[in-house]
Amino acid sequence: MVTINPIAHKLLSYAPFILVLIDLRYEGVYCGKNDVENHLEMGKKLLAAGQLADALSHFHAAVDGDPKNYMAYYRRATVYLAMGKSKSALPDLSKVIELKPDFTAARLQRGNLLLKQGKLDEAEGDFKKVLKSSPSDKDAAEAKALLMKSDEIQRLVTQAQNDFARKDYSSAAVLLDTVIETCVWDVSSRELRAECMIQMGEMGKAISDLKATSKLKNDNTQAYYQLSTIYYQLGDHEMSLTEVRECLKLDPDHKQCFSQYKQVKKLNKQILAAEDLIQQQRFGDAISKYESVMKTEPHVSHYTKQAQERICHCLSQDKQATEAITVCSEVLSSDPQNVNALKDRAEAFLQDEQYEEAIRDFESAREHSENDQQIKEGLERAQRLLKQSQKRDYYKILGVKRNAQKKEIVKAYRKLAQQWHPDNFQDPEEKKRAEKKFIDIAQAKEVLSDPEKRSKFDQGEDPLDPESQQGRGHHHHHHGGWDSFQGFNPFGSGPFNFKFNFN
């Protein structure tokens, strides 16, 4: 019997295991290659079906599986482009060209992206290489066309910069429009066009270009700062605050943005606080707040005007008619079509019993804001009050203001009732006049000391006048002379045989 050397025995017993290991190693290599192909195949199918996110994850796997496979990068770039992520597509296309310098399609695509980004020299480099690499007729034609396009844009950019330097902003902007049609992601052309728009006062257009550059260029604090200052100048303090916060998120130590932030924050806080006070009907406090707003930002006329307009509103709501008329008129002298100021001044005119002026303001406001219910109701009220003022005015009869308290009304009534008591007059004519006056005084007290009747009267309706009630079933017979008033005693002790005692 042959005895096997113990070492040889050990080796033989390992043999199947070694064979398996060798087998697995080859299998692994084969499997790896196969996996990459599978991922590429699956990715292609998903891409064709428009399932971009799923396709992308397969191409990621293919790139990880074989970092030298130029097709994996190329396919991944295609998905990025389909997703609109050109920034991510560029490095992949560059990797393709590095791995396979004669891949014309990748070069054309990269040149195209560089052209869109406004990197004209680099783009031209790609188009010239394509033309040198004995391309197909189709690729050659495309490269030539793009090269011409790039030359043309280069010329327009230079011309636009010259025009800008000469302060000819409108012609520079027109040239840049053409540049940006092709170079849609070109940050510097958009920045220059935004600057032209700022100089021309076209702030809306400047904003859209700056917003684009804040997305196209990483950490573009300057764009956020400019956006914040433009919104601030336009009077949009809330948008201004939003944009300056974006700047500080990128760079908390940005000096310009920090001082801008402090200013806008202070102004924003004051305006919000003032509006909150108006909601609470604390009009005096709101006025002080808006006066602080004017101190915080004296240079931007929008805030001064807004503050004045709101102060006019507060004074009008606070029944400070004279002051309201002054401030509202100031607002209207620079902005005659300001509907809010017209409405507030009209209300103040009503409080001041200047009914024709109130009607004029309400009519003027209606021209600029046709469907405003408040204006419609205000105008009707003013017309009723004008009509009423031409009839009996209970406030005038008692000689009290329209905002008089009940105490003042009763006091005025007692004084006048004492003065015009018919028993004080002997002459028949004088007695007759006193009787009429005495009835008016009593009825004025009746209406003005009853909250419901007074409120009707304040809306321009006489609660004691059947005609004014427009057939609402109120029929007070109060025009029947002295007889209908016999037995009436405002002081309560028999018809007119009382001693006056006004304590």
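Keep in mind that glycine also has a Cβ here, set from the backbone N, Cα and C atoms.
Record features (TrEMBL):
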{"type": "COMPBIAS", "residues": "449-459", "note": "compositional bias 'Basic and acidic residues'"}
{"type": "DOMAIN", "residues": "393-461", "note": "domain 'J'"}
{"type": "REGION", "residues": "449-483", "note": "region 'Disordered'"}
{"type": "REPEAT", "residues": "36-69", "note": "repeat 'TPR'"}
{"type": "REPEAT", "residues": "70-103", "note": "repeat 'TPR'"}
{"type": "REPEAT", "residues": "104-137", "note": "repeat 'TPR'"}
{"type": "REPEAT", "residues": "221-254", "note": "repeat 'TPR'"}
{"type": "REPEAT", "residues": "339-372", "note": "repeat 'TPR'"}
Note to self: Given a Cβ distance threshold of under 8 angstroms, which distant residues of the chain, six or more beyond its ends, lie next to the repeat 'TPR' (221-254)?
What the structure shows: 191, 194, 198, 203, 206-207, 210-211, 213-214, 260-261, 263-265, 267-268, 271, 300, 302-303, 306
Checklist line | Residues of the repeat 'TPR' (36-69) by DSSP state, where helix covers H, G and I | finding: 27 helix, 0 strand, 7 coil
Notebook entry, point to check: Averaged over the whole of the domain 'J' (393-461), what is the pLDDT?
Noted result: 90
